[in-house]
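S.K.: So TrEMBL lists these for the protein:
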| type | residues | note |
| --- | --- | --- |
| DOMAIN | A:24-473 | domain 'Amidase' |
| ACT_SITE | A:Lys79 | active site, charge relay system |
| ACT_SITE | A:Ser154 | active site, charge relay system |
| ACT_SITE | A:Ser178 | active site, acyl-ester intermediate |
Amino acid sequence: MDLTRLSAAALSEKLTAGEVTSVEVTQAHLDRIDAVEGAVHAFLHVSDDVALATAADVDARRAAGQSLHPLAGVPIAVKDVVVTEGMPTTAGSKILEGWVPPYDATLVERLKAAGLPILGKTNMDEFAMGSSTEHSAYGNTHNPWDLERIPGGSGGGSAAAVAAFEAPLAIGTDTGGSIRQPGAVTGTVGVKPTYGSVSRYGLIAMASSLDQAGPVTRTVLDSALLHELIGGHDARDSTSIDEPLPALVDAARQGALGDLTGVRVGVVTELSGDGYQAGVSARFAESLELLEKAGATLVEVSCPNFRYALGAYYLIMPSEASSNLAKFDGMRFGLRVEPTDGPVTAERVMSATRGAGFGDEVKRRIILGTYALSAGYYDAYYGSAQKVRTLIQRDFDAAFTQADVLVSPTAPTTAFKLGEKLDDPLAMYLNDIATIPANLAGVPGISVPNGLSDDGLPVGFQILAPAKADDRLYRVGAALEAALENVWGAPLLAQAPELEIAR
Amino acid sequence: MSATTVDLVDYDDAIRRYDPVLGIEVHVELGTRTKMFCAAEVEFGGEPNTQTTPVSLGLPGALPVVNATAVEYAIRIGLALNCSIAESCRFARKNYFYPDVPKNFQTSQYDEPIAFDGYLDVELDDGTIFRVEIERAHMEEDAGKNTHVGGSTGRIHGAEYSLVDYNRAGIPLVEIVTRPIEGAGERAPEVARAYVQTLRDIFRALDVSEARMERGNVRADVNLSLRPTPESPLGTRTETKNVNSFRSIERAVRYEVSRQAAVLDAGEKVIQETRHWHEDTSITTSGRVKSDAEDYRYFPEPDLVPVAPSREWVEQIRAALPEMPAARRRRLQEAWGYADAEMRDVVNAGALDLIEATVAAGTSAAAARKWWMGELARRAKADEVELDALPITPAGVVELQSLVDSGRINDKIARQVLEAMLAGEGTAEEIVTAKGLEVVSDDGPLLAAIDDVLAAQPDIVEKIKGGNMGPIGAIIGGVMKATRGQADAGRVRELIMERIG
């Protein structure tokens with residue numbers, strides 16, 4: 001039995017039943033990492049010792065009869081934008097090379113408290129800015145379906161790690177699609193929870209009003225299990241929702257039974273058609289049929305302001321990022337570069353450090369945001385973008401009066417080749433056309449793998465729900481997953497090519 | 001610094017020809033236990049960088065949470081300044097790069113202050129009430145503290161390196177901004193000083209800050225512009241920073257009036273700039289030019305939700321507000337029966353709290369004023385210290401006066417006892433006992449002394465017997481001398497009359 005092929009839920013059962021130990025499970029994943037990392041490069045840091053120590057501790061506590069969290073002993077990978085005490089955290093940037101945080105993000109505290117061994121930190125676009133992970137300062141991550149292709153971004157490392165069976169679970173963050181789009185192009189499940197559902201304390205911020213951490217897994221149920229663990233109120237995040245989470249795991253289990261009678265599924269007119277690859281559209285249509293067969297009612301809904309979402313996003317996100325990234329200045333932590341000629345003043349050290357430490361995409365967004373917030377431009381840019389945001393929220397409100405969930409393809413295309421869009425930022429930005437509206441409105445979304453396109457690469461199906469109704473994602477997502485696997489006879493990842501094992 | 005001499009116009013001359021307009025920004029550090037946005041504990045004088053958290057150090061990933069006590073204090077201040085309290089208001093980010101600002105933005109309120117549209121009635125030295133309109137009071141966080149090492153002056157210029165202490169970073173501040181203060185005329189310096197002084201008293205009464213100027217708990221930036229007449233449009237202003245005592249505020253305003261008048265007289269334009277007050281030389285010097293190009297790229301702080309104090313809470317805070325200093329002064333003056341001038345002197349001498357405590361402990365208002373505004377005020381002045389810094393407490397004064405009231409010592413001896421108390425020789429009772437200063441009330445020794453004096457002055461005795469009471473003072477004086485002043489003069493007189501018959 002290959003422990004790395006099991007879902008987190010299955011591992012949880014075996015661990016609880018005493019059929020395997022966490023040390024065995026963790027070691028199996030560390031071995032897998034060892035074997036495939038040369039090809040995939042999903043990790044920036046692998047924390048063997050720490051993970052095994054946690055595993056041994058969980059095993060001991062289990063042996064002593066302590067009651068443990070269902071996911072205790074199931075290993076996890078964490079995106080490198082989440083701070084981890086005593087473990088390097090770079091956010092994919094040179095400017096944080098070697099920085100070891102003195103504290104844990106709230107979600108990491110919760111992982112540790114529940115006894116999940118942390119395998120390491122996953123690769124990402126620098127400061128989560130990108131859709132391909134090519135903007136990492138530490139090299140590309142390769143899509144396990146085709147090593148010549150991108151794994152999506154910014155959370156390409158977490159998605160690839162899960163797709164390549166290096167980890168059963170991973171943490172991602174999603175500001176404009178950074179969990180869902182990598183999920184779509186790697187054939188994995190990714191969830192962006194309702195804004196405020198998972199604490200942002202300890203997430204290195206890109207855009208505070210859009211950022212949200214969430215699960216990256218291979219099954220819908222695993223995402224629900226992880227979401228329930230990391231979610232819920234946190235007094236250290238003022239934007240955290242002070243209410244209990246809906247019953248997510250229950251919703252996933254109910255959905256897996258396959259009955260969606262009475263569920264109204266809204267197909268968003270504006271998130272299909274031109275610009276969507278033929279194979280993507282075909283798989284989307286097939287999935288709609290499966291939902292209908294499961295008893296759901298399909299309705300067509302229009303969200304006319306979604307067409308302005310990308311424009312608004314590329315004003316709000318860089319504006320907030322320009323301010324959030326100001327703290328990286330070489331004064332207190334991380335990279336410090338002193339100018340080689342001229343006086344060494346604080347201002348010149350800041351300038352030299354930021355010049356050397358930030359990559360091109362980060363600089364591009366800082367410049368965009370600084371401009372958009374400037375006196376005289378604020379109303380036209382940032383102010384207008386916030387108005388668009390309100391209109392998009394109203395579109396969602398109206399659509400959710402007609403439908404319980406909204407659906408669309410997650411990304412317009414399958415994974416593109418490494419380097420293909422690197423010199424064309426606008427083409428890169430268009431990858432997130434279907435995922436961005438959810439971030440602007442704060443509503444939750446999931447991407448569920450729903451087949452392969454004509455090029456043999458995975459495609460994702462996006463489900464969106466009203467704020468604080470994340471349970472609907474899991475119910476509909478699990479129902480679709482069950483219906484698809486019924487057709488395929490196995491999970492989609494069973495069709496992924498075997499990676500060459502480097503020994 | 002360049003050696004150019006600055007032309008100054010005589011203040012009185014300047015004020016005859018120009019109308020000054022003030023604008024004052026006062027920052028007060030709130031005395032909350034923890035910082036504005038995190039749980040770092042705040043204590044004065046801690047080791048550098050020990051009162052920090054990931055939040056106040058601006059570490060990646062850290063998020064702010066608003067300190068509810070700071071909001072309550074800000075509302076208290078707003079209400080005391082007769083302001084409206086916002087039903088909902090947001091924080092904003094003020095973006096600028098500087099090493100003492102850990103995030104390279106200051107979290108502050110920008111276009112949505114918690115309190116706005118108020119006023120403060122300021123009492124000037126002669127009792128005149130001058131109303132200062134308050135534009136707004138808003139919450140923000142303090143910056144860290146830079147220390148420049150190596151330069152000769154402690155300034156950044158010429159320093160070898162600089163150190164930053166983030167203990168102060170994130171301490172809650174309330175900034176109170178006035179509307180243009182017009183109509184002060186020649187009294188502009190006094191108005192500026194009295195305004196800040198009144199605020200300081202209010203902060204203390206509200207118990208929102210220790211409000212110690214010398215520790216920087218209260219910091220004033222004084223804007224000043226001149227115009228030819230009160231009807232003219234506002235002139236170009238300068239903002240003088242670093243004015244850290246009441247006296248300096250007055251002097252800085254005077255200086256700027258004189259300096260700007262000279263600039264205008266020369267047909268030049270006042271430059272809109274920040275100026276620094278120098279305590280040692282009593283002048284202001286040019287800081288950075290404040291052009292309109294300065295752009296802090298304000299935008300609403302996305303990491304915080306709006307602060308929305310419920311009306312019930314605001315009314316609870318209003319109901320619990322303590323008596324304001326001006327009302328308290330009026331009440332005490334009436335209770336004590338002081339004349340206006342007496343009361344003003346008491347307030348200006350900083351004796352109000354001391355006298356109140358002294359009276360509360362059982363001494364008459366007149367006696368309390370006699371001591372604090374008499375001997376003790378003289379002593380404080382001679383020693384150049386504040387009254388409350390003298391080594392004597394209201395309880396000590398009460399004890400001293402009670403010895404006088406019970407007739408055990410007289411006023412003259414009491415002054416002697418007070419000297420000894422200030423010298424740390426013990427309590428009034430201890431000193432009187434130790435030095436044998438008690439009034440001699442036993443008639444025996446007195447009679448002996450009287451007999452000695454009478455025997456030495458037979459001619460005076462004759463005159464008194466003849467009905468001429470004039471010379472009796474000489475006899476009394478002789479007795480007092482013989483008893484080293486410890487005799488009760490009234491009793492001595494009675495005994496002399498008895499003896500002579």
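Using the three backbone atoms N, Cα and C, a Cβ is placed for every residue, glycine included.
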S.K.: Rounded to a whole number, how many Å is the Cα of A:Lys79 (active site, charge relay system) away from the Cα of A:Ser154 (active site, charge relay system)?
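M.R.: Each residue's Cα considered, A:Lys79 (active site, charge relay system) and A:Ser154 (active site, charge relay system) end up 10 Å apart.
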S.K.: Give me the Cα-Cα distance between the residue listed as 'active site, acyl-ester intermediate' and A:Ser154 (active site, charge relay system), rounded to a whole Å.
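M.R.: The residue listed as 'active site, acyl-ester intermediate' to A:Ser154 (active site, charge relay system), Cα-Cα distance: 5 Å.
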S.K.: Long-range same-chain neighbours of A:Ser154 (active site, charge relay system), Cβ under 8 Å, sequence gap at least 6?
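M.R.: Correct list: A:Val81, A:Gly92, A:Met124, A:Asp125, A:Ala128, A:Met129, A:Gly130, A:Ser131, A:Thr133, A:His135, A:Thr173, A:Thr175, A:Ser178, A:Pro182.
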S.K.: What does DSSP assign A:Ser154 (active site, charge relay system), in three states?
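M.R.: The three-state answer is coil.
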S.K.: I'd like the number of other C-beta atoms within 10 A of the C-beta of A:Lys79 (active site, charge relay system), please.
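M.R.: Around A:Lys79 (active site, charge relay system), other Cβ atoms within 10 Å: 31.
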S.K.: Test of understanding: give the count of other CB atoms lying within 10 angstroms of the CB of the residue listed as 'active site, acyl-ester intermediate'.
M.R.: 36
S.K.: Within the domain 'Amidase' (A:24-473) only, compute the mean pLDDT.
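M.R.: When the pLDDT values over the domain 'Amidase' (A:24-473) are averaged, the result is 97.
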